[in-house]
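What Swiss-Prot records for SER295 is active site, acyl-ester intermediate. Residues or ranges marked as active site, charge relay system by Swiss-Prot: ASP352, HIS418. The feature motif 'GXSXG' is assigned by Swiss-Prot to 293-297, with a curator's inference given as support. Among the features that Swiss-Prot reports, transit peptide is placed at 1-46.
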Amino acid sequence: MRFSLSPVRPHSVVVPSLPKQDVVSYISGTTSNRQCRCVLTLPSPSVSTSRPPVLPKPETWESLLLNHDQIPGEFSPTGSSIPVKLGRRWMEYQGLQNWDGLLDPLDDNLRREILRYGQFVESAYQAFDFDPSSPTYGTCRFPRSTLLERSGLPNSGYRLTKNLRATSGINLPRWIEKAPSWMATQSSWIGYVAVCQDKEEISRLGRRDVVISFRGTATCLEWLENLRATLTHLPNGPTGANLNGSNSGPMVESGFLSLYTSGVHSLRDMVREEIARLLQSYGDEPLSVTITGHSLGAAIATLAAYDIKTTFKRAPMVTVISFGGPRVGNRCFRKLLEKQGTKVLRIVNSDDVITKVPGVVLENREQDNVKMTASIMPSWIQRRVEETPWVYAEIGKELRLSSRDSPHLSSINVATCHELKTYLHLVDGFVSSTCPFRETARRVLHR
């Protein structure tokens, strides 16, 4: 590791007629391609002297700037140089207490974990063949053994165990046979399952982690599935009378459910088979399942989390970390997720319109008790409105960011606000609601 320090020697002359002034010394350091700056306030000498004040030894500066359990040059929001071990509180960081006290200000450990899982989604995008003129369009560009390494995660400590495909359930008209083949691609590679194998990483995390990563919308039929925005009942789901007194029952967006359940060997089947195999192999040790995705992948991640907790009665802790996801289901579906213990952390950009669709939401979750904005209506009308196939509910805990807070985003447009790299940039820069963007953010957007 290369470390350089360049202290600025303070002046040693003191004017007797003026009150004592503290001397401020600026120390800049560079560690692992990360720049940081510390400010040390030193008491001024009581009398004028030809010798400069005694500065702390360089190793003292290094101890202030470096910490083996923190990103170099970064301090906790409380100002403490003593890091919090991730492994000791891993369930808390996975949402056991719904991330209470970790989001505002954003805990440094949680920030790093969000960014780390975001990189798994980035790798899913990198591995997908987007070229419609390619004979391998819609497939994974890399073999399973080298996918993580070739898609930007060479030292993740994870091993890819399963490739995942999603199939559209849309019935194509006959005339589609004359259209380009890419328009009729019904089944395409959408992500993967990977398991942590590195002993040091397992020790750092405090458990063995299974990650399921989903990319966002890519194919023509996936876009069409996104437009099927009406709510539909979950297959084999509980009745609404058992959940919140509603007759509608848990419902989710039709297109998302179609992509998850369609096909002779559906995405749902693949996820279930692989999770069953991994539970058989690692079920006797601390284990977590973290499902992450962007855009369409965020919605699919939520459905997969629900399905895993429903299918496996002794399922490990299941957490969703989603980026820029659309709405997925109704209030009854949200209640079902909460009841089964599924934890969902939604990273939302206030300027991203995708997070505001589909349908409408008739509630405000800023308070502990859900408050219906339509409370002026008679209760029976409210119930009827909620049971319509267009009324959705926000699911999980929300980390709300804004493109307008970043000094690196000169303009606000729909495409930029929804991009995954914008989300990761905003997560890296966010401090708190009172300090929305830090100057030391590492992820600067390059355009």
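A Cβ is built for glycine as well, from the same backbone N, Cα and C atoms used for every other residue.
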Between the active-site residues SER295, ASP352, HIS418, the one whose Cβ has the fewest other Cβ atoms within 10 Å is HIS418
Expressed to the nearest Å, what is the distance separating ASP352 (active site, charge relay system) and the residue listed as 'active site, acyl-ester intermediate' at their Cα atoms?
-> 11
Reduce the DSSP letter at HIS418 (active site, charge relay system) to three states and note it down.
-> helix
When the motif 'GXSXG' (293-297) is classified with DSSP, how many of its residues are helical, how many are strand and how many are coil?
-> 2 helix, 2 strand, 1 coil
Taking every residue in the motif 'GXSXG' (293-297), what is their average pLDDT?
-> 99
What is the separation, in Å, between the Cα atoms of SER295 (active site, acyl-ester intermediate) and HIS418 (active site, charge relay system)?
-> 8
